[in-house]
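A.B. asks: Before anything else, here's the structure in question.
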Amino acid sequence: MISEVLPDFRYLDSNKEYVMVKSNTLPSGQTRIDNMEICGITKRFPGVLANDHIDFDVKSGEVHALLGENGAGKSTLMKILYGIYHPDEGEIFINQKPVTINSPMDAIKSGIGMIHQHFMLVQTLTVAENVALGLLSSRGLLTDLDRVSKRIIELADIYNLKIDPDAYIWQLSVGQQQRVEIIKALYRGAALLILDEPTAVLTPQEVEELFAIMRQMVKDGYALIFISHKLHEVIEISNRVTVLRNGKRISTHLTSETTKEDLARWMVGHDIEFITSHEKSNVGEVLLKLENVSCNSDNGRHGLSDVSLEIHSGEILGIAGVSGNCQLELAETITGMRKTTGGHIYLGPDEITGLAPGELTERMLSYIPEERMRDGVIRNFSVAENMILREHHKSPYSRSGFLRLKDISAHTDELIEQFQVKTPSQATLAKNLSGGNIQKLVLAREISRNPRAIIAAQPTRGLDIGASEYVRAQLLEQRKAGAAIMLISEDLDEIFALSDRIAVIYEGKIMDVLTCEEATRERVGLLMAGVHPKKKASA
Amino acid sequence: MISDLFSTTVIIGIISSGIRLATPYLYASLGETFSQRSGVLNLGVEGQMLMGAFAAFYVALKFGSLWGGVLAAILVGAVFGLAMAFVSNNLHAAQGISGIGFYLFGLGMSNLLFQKMIGTVETVQGFPKIYIPFLSDIPGIGEIFFSHNILVYIAFFLVPVAWFVLNKTTLGLKIRAVGENPDAADSLGVSVIRVRYFTVIFGGVMSALGGASLSIALLNVFQQNMTSGLGFIAVALVYFGGWRPWGILGGALLFSMVNSLQLWIQVLGIPIPSEIALMMPYILTILVLVVSTSKVRGPSALSKPFERGD
């Protein structure tokens, strides 16, 4: 009975037309999942309704994108599907049959695989060991890595993934690690893959490669769920798109029938003006200058080496790079939190190499740190206390060692108003604010001093669209006011939207500095992967 | 006199007793290696050794069975390991502190039981030396390597076994994965808790055996706090050995040789204050850790309790 109601198997080709596929078997040998349906899933966390009666489905041969802001409930929903969380209400059907998924093991047995945003790989093990982990071995108690390796190579060949089974995970690039995750899922017989923000850590070229793999998999009959908050990627790769907001499903449409503006409106709940371009500002003298700066890194691998950069007054210099290429070291070196091992740093005409953060404060250098909860605020301090962290020892906030609470309070009120920080009161502890409001607090403290130079590290990471656009607008405002701004970001869209010039960092070295006109996504992408186009051409 | 140290007999004696003295370190450190590779720091090793030493000694003394003593040590070690596993896995206790708690408990408990159940200093006839035929007749080599009791041979035999289990079996793969990235292991259906129960109980058993090797094979007595810090050195050896069985073998031998040298210095009456001689292994511990820990990296999830989302 059930087999009779199975829909025809088909996939959407590049022209968005359905094509029939005869085989019931996927290239990995697994039987395909014709459709998977989630019905009325509800999940409550203390004080939060994370998923509110959500319906969602995915069919064999399509990419169904799940779009939403941070906290919209995407990850919760997928963790329920993968058995990590248990729903309070609702049901899951695979091929029209109800299934119970209590653990990742159950999900794997049902043919569901998940590529987590933070890879679930053991860095100190080899590819084959990672794949073999948790599986029964053909040799009983002994591992059978040779057999596993052979199968990995077979699977990798289907999608041209090129993976050495004997390589250690820590030796692989992020893109390669993601392929290991895909192989791991395929090895376990996944017919439905959940890809949780898979592009967040990739270079543009790696994104294209991933999309090519995804398109091939769809053609072969896999069902793919693609989670993202990047609109253009959703539009490029998905066949259908579902938007979540505040734990509710807002809409499900064929992607071809929606626009970027529609999707943004559904995501946020109101219209959003994107900062796409900005007028030229008056670029002045060089304010921040790095000359052959080097430093050590924490993990004992490469630190900064011979970094030379100049940022002018009224200019935003974007630092593009894949995560973990010494962006943190760069920010910390300039802001006095890390020792240099060589080179000189100048703020205006004065050398500031080796000065402590306190002295840099005096010289009007501001820092918007990447880890805002760790380096940006003190979690258990109130909003007011956090507001005056940098200048608490100075008039008018204190006199002869006593804090002047009235002035602090007035100052805080002013900034809360000016920077639209949503907080119940000045006395609220920083840890109780949302991510976006914590960032506004940091921004208020760092920017309201009218600094000469600003180091902004991942200033919009983890923020929703509204807060991100606000932060970006504030940075542009400071640029107009004549500050020299270094914008370190892993989000290329942000780099392109805000930067006057773009420097690309790779393994602690500056690969090149490009003007806006020179910088194409392809060119920047290659540099981010450590490939120097000119050198390559001449070689 | 100093020159006595360089006679062949003394050198052979030093090496031979060094090998014997490595035994308790080997048991305890190999057990602790399993525990730490799976992500659990067990600082209670010393307490488990004392309890194992007492249990083995008591059974050997009262029932005259050495193997019965070994079995008793295994049981006591397993019980202590189980308790440590429960506290660290289920109660998510801070492992450094709870380990010290178990040490103090073992120290006090073994002494209490000794006072109540034995009371006076007594000795047992420990495991006899087993002379391996032919090999033990080789001059020098024979005395150094092939004239020891069974617990010494077993300890050395366990080094390659531990290496094999960690690196060549599915269990070893799970242990290494759980200690490095428990979330990843969990996502693949490996029970993090079960693996850690196994390794911590195994670690308890091994520590207790290390204690037993003191009380019924090497010294053949039981005294209050007879391990005197040996268990803590065993923990340090795990770091020194880079969490690898062969490294631990090297570390254990280094320490036991220094210990042996120190004993011979006292025996030969060489004019170095005995306090200084006694300090040597401990000073070496600190020096070696200062030099070695900066280079090797331990399991990433070491001493972090595992908790799944939800």
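Heads up, the Cβ atoms here are built off N, Cα and C, so glycines get one too.
TrEMBL labels come from automatic prediction, so no person has curated them.
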A.B. asks: Can you say which of B:100-118, B:176-194, B:233-251 is given as transmembrane segment in TrEMBL?
C.D. replies: B:100-118
A.B. asks: Within the same chain, where does the transmembrane segment (B:6-28) have neighbours whose Cβ lies under 8 angstroms from its own Cβ atoms, ignoring anything closer than 6 residues to its ends? I mean 6 or more beyond.
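C.D. replies: Here the qualifying positions are 45, 49, 140, 143-145, 147-148, 151-152, 155-156, 158-159, 206-207, 209-211, 213-214, 217-218, 227, 230-231, 233-235, 237, 248-249, 251-253, 255-257, 259-261, 263-264, 268.
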A.B. asks: With an 8 Å cut-off on Cβ pairs and a sequence gap of 6 or more, do the transmembrane segment (B:100-118) and the transmembrane segment (B:40-60) reach 3 or more such pairs?
C.D. replies: yes
A.B. asks: Same chain, outside the transmembrane segment (B:144-166) by at least 6, Cβ under 8 Å from its Cβ: which residues?
C.D. replies: 12, 15-16, 19-20, 22-23, 26-27, 30, 33-34, 37, 70, 126-132, 135-136, 138, 172, 175-176, 209, 212-213, 216-217, 244-246, 248-249
A.B. asks: By a Cβ-Cβ criterion of under 8 Å, what residues six or more beyond either terminus of the transmembrane segment (B:276-294) are in contact with it?
C.D. replies: 229, 233, 236, 239-240, 242, 251, 254-255, 258-259, 261-262, 265-266
